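Asks: What Swiss-Prot records for ALA12, PRO13, SER14, GLY15, ALA16, GLY17, LYS18, THR19 is ATP binding site, and it gives sequence analysis as the kind of evidence. For 5-183, the entry in Swiss-Prot reads domain 'Guanylate kinase-like', with the evidence type sequence analysis.
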Amino acid sequence: MADKGTLYIISAPSGAGKTSLVAALVDKLAQVRISISHTTRAMRPGEKDGVNYHFTDRDCFVRQVEQGRFLEHAQVFGNLYGTSADWVAQTLRTGDDVILEIDWQGATQIRKQLPDSVSIFILPPSLEALAGRLRGRETDDETVIQQRLDGAQEEMSHYGEFDYLVVNDDFQRALYELEAIVEARRLVTARQVARQAATLQNLLARR
């Protein structure tokens with residue numbers, strides 16, 4: 001029996017620290033890979049195509065939607081985002097876990113298609129902290145920041161649809177909680193049977 005990886009859906013309002021937490025989680029745990037989304041959003045300073053996102057134009061994105069190339073896709077703040085269906089399926093078959101950093105709309109689509117996926121919502125400790133983090137980025141003007149804050153409350157209203165809830169008040173604590181979720185899922189009997197097949201066979205062999 002082959003060991004198949006687990007698909008993790010991680011959502012959070014913009015500025016909650018999701019990207020930093022996921023990057024730290026991948027650094028700590030083996031066999032965890034981040035799905036790189038396709039987007040029509042403009043590249044920000046310091047970003048690289050194929051590393052942060054697969055940047056594309058709207059026409060190309062729409063063609064891929066029509067071809068069924070995306071596991072999920074959504075429009076956020078006027079930009080289109082999508083997850084490659086082929087890449088996710090191939091990576092899970094290798095036994096690696098996959099993390100999708102997507103909004104609640106995409107999470108809803110994924111859960112319907114893949115009910116075995118595990119969903120996690122990350123909350124900021126307060127709206128004031130969220131606003132401070134968004135302004136601290138120094139990448140958006142005040143109008144955009146206000147739009148993001150308005151969108152954040154809509155996003156956060158869907159927290160109850162997720163399997164796990166993590167509050168990013170203390171970064172290391174939040175990272176520990178994410179790590180605990182992944183490690184616990186790896187100990188589920190169905191996955192352990194695949195990983196520990198030789199051990200189980202030896203233990204239960206007639207002597």
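Cβ coordinates are placed from backbone N, Cα and C, and glycine is handled just like the others.
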Asks: Over the domain 'Guanylate kinase-like' (5-183), what is the model's mean pLDDT?
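Replies: Per the prediction, mean pLDDT sits at 92 for the domain 'Guanylate kinase-like' (5-183).
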Asks: So which other residues, same chain and not among ALA12, PRO13, SER14, GLY15, ALA16, GLY17, LYS18, THR19, have a Cβ within 8 Å of the centroid of the Cβ atoms at the ATP site?
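Replies: Filtered neighbour residues, in order: ILE122, PRO124, LEU130, ARG133, ASN168.
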Asks: Taking DSSP three-state, what's SER14 (ATP binding site) in: helix, strand or coil?
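Replies: It is coil.
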Asks: With Cβ-Cβ distance below 8 Å and at least 6 positions apart along the chain, what are the contacts of ALA12 (ATP binding site)? List them in sequence order.
Replies: LYS18, PHE121, ILE122, LEU123, PRO124, GLU155, ASN168
Asks: With every protein chain in view, what's the tally of Cβ atoms within 10 Å of the Cβ of SER14 (ATP binding site), excluding that atom itself?
Replies: 22
Asks: Including all protein chains shown, what's the count of other C-beta atoms within 10 A of the C-beta of GLY15 (ATP binding site)?
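Replies: Looking across every protein chain shown, the total is 23.
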Asks: In sequence order, which residues at least six apart in the same chain have a CB under 8 Å from the CB of PRO13 (ATP binding site)?
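Replies: For PRO13 (ATP binding site), the qualifying residues are LEU123, PRO124, LEU130, ARG148, GLY151, ALA152, GLN153, GLU155, MET156.
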Asks: Same-chain residues six or more away whose CB lies under 8 A from the CB of THR19 (ATP binding site)?
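Replies: Same-chain residues close to THR19 (ATP binding site) (Cβ under 8 Å, separated by 6 or more) are GLU101.
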